[in-house]
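Record features, source TrEMBL:
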DOMAIN    15-223  domain 'Cytochrome b/b6 N-terminal region profile'
TRANSMEM  50-71  transmembrane segment
TRANSMEM  91-113  transmembrane segment
TRANSMEM  125-147  transmembrane segment
TRANSMEM  153-171  transmembrane segment
TRANSMEM  192-213  transmembrane segment
DOMAIN    224-282  domain 'Cytochrome b/b6 C-terminal region profile'
TRANSMEM  243-259  transmembrane segment
Amino acid sequence: MMRMPLRDSKPSHFGGPWRKTNKLVKIMNDSFYDLPCPINLNAWWSFDSMLGLCLVIQLVSGLLLSIHYTADESMAFDSVIHIMRDVKKGWMLRNIHANGSSMFFMCIYAHIGRGLYYGSYLDKTVWFFGVHLLLLTMAEAFLGYTLPWGQMSYWGATVITNMLSVIPVVGTDMLRYVWGGWTVCNATLKRFYTLHFLLPFVMIAFVALHLFFLHEKGSNNPLGIESDSMCVPFHPFYTVKDLFGYVCFMFVFMYLVCVKPEMLGNSLNYWPANPMKTPIHV
């Protein structure tokens, strides 16, 4: 029986390898597999892909947490405790989501610091979408911090939302609209939960635009010079480096999740929200 050749080994009159001829796969191929990259990128560029890993971790863990969470001021705190104590591996799931947000910001700060140091901000379009991604991530983190409905969640939401009141003329009305009442209440929690669930999809769209405009001109490099003549394909040269970065990332991440889960948190958030008792340092 004659053996059929592999699709990737078709002769040139078929248009080359399958990953380059299939319209949908070609987009992914040109963005990740055969993407031309400067030959002199260092370890600071690994934080870019780590941010993608962080986003995936937060999306998956957040979706699983939403199955058990209840967005109601009388049940929100207890639902989080229920996740930690009663749901199988719920303690790990919650710690992954909580510490994953901290790791997200560590990678963001490294990513922005590298961009400032090496002059990546000179590509204004990419920088524009990157700054908006930072603002979206900050908003997402604030909304998520409110959801456990502990003391720090409640009073953190109270302090941050009150910043709207300094806006002339419309500030007070905006504040009441965000609260859904005269103070942080059940309506506020429900609105924050809805926004916390929806914003990640907006972030994914901005990430796609951020990468699209980045790949139009190509990545910056440590020397800051045009490197069109000194490029290598992303795979295998940088996939190997990124995998090594993932291993280092996961080592730190799982240490936080399994050994020091509360190191980056606040113990006051294990007290239910009490509008009548403000924490001393707040």
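Residue numbers in this text run from 1 along the chain shown.
Just so you know, glycine gets a Cβ as well, placed from its N, Cα and C.
Under DSSP, residues within the domain 'Cytochrome b/b6 C-terminal region profile' (224-282) fall into helix, strand and coil as 29 helix, 4 strand, 26 coil. Residues 62, 69, 71, 76, 80, 97, 101, 104-105, 108, 112, 115, 153-154, 156-157, 160, 188-189, 192-193, 195-196, 199-200, 202-203, 206-207, 209-210, 213-214, 217 of the same chain lie 6 or more positions beyond the ends of the transmembrane segment (125-147) yet place their CB under 8 Å from a CB of it. Remote same-chain residues near the transmembrane segment (91-113) are listed as 44, 47-48, 50-51, 54-55, 57-58, 61-62, 64-65, 80, 83-85, 130, 134, 137, 141, 144, 249, 252-253, 256-258, 261, 264-265 (criterion: CB distance under 8 Å, separation of at least six residues from the stretch ends).
Per-stretch counts of Cβ pairs under 8 Å to the transmembrane segment (192-213) identify 50-71 as the leading one among 50-71, 153-171, 243-259. Taken together, the residues of the domain 'Cytochrome b/b6 C-terminal region profile' (224-282) have an average pLDDT of 89.
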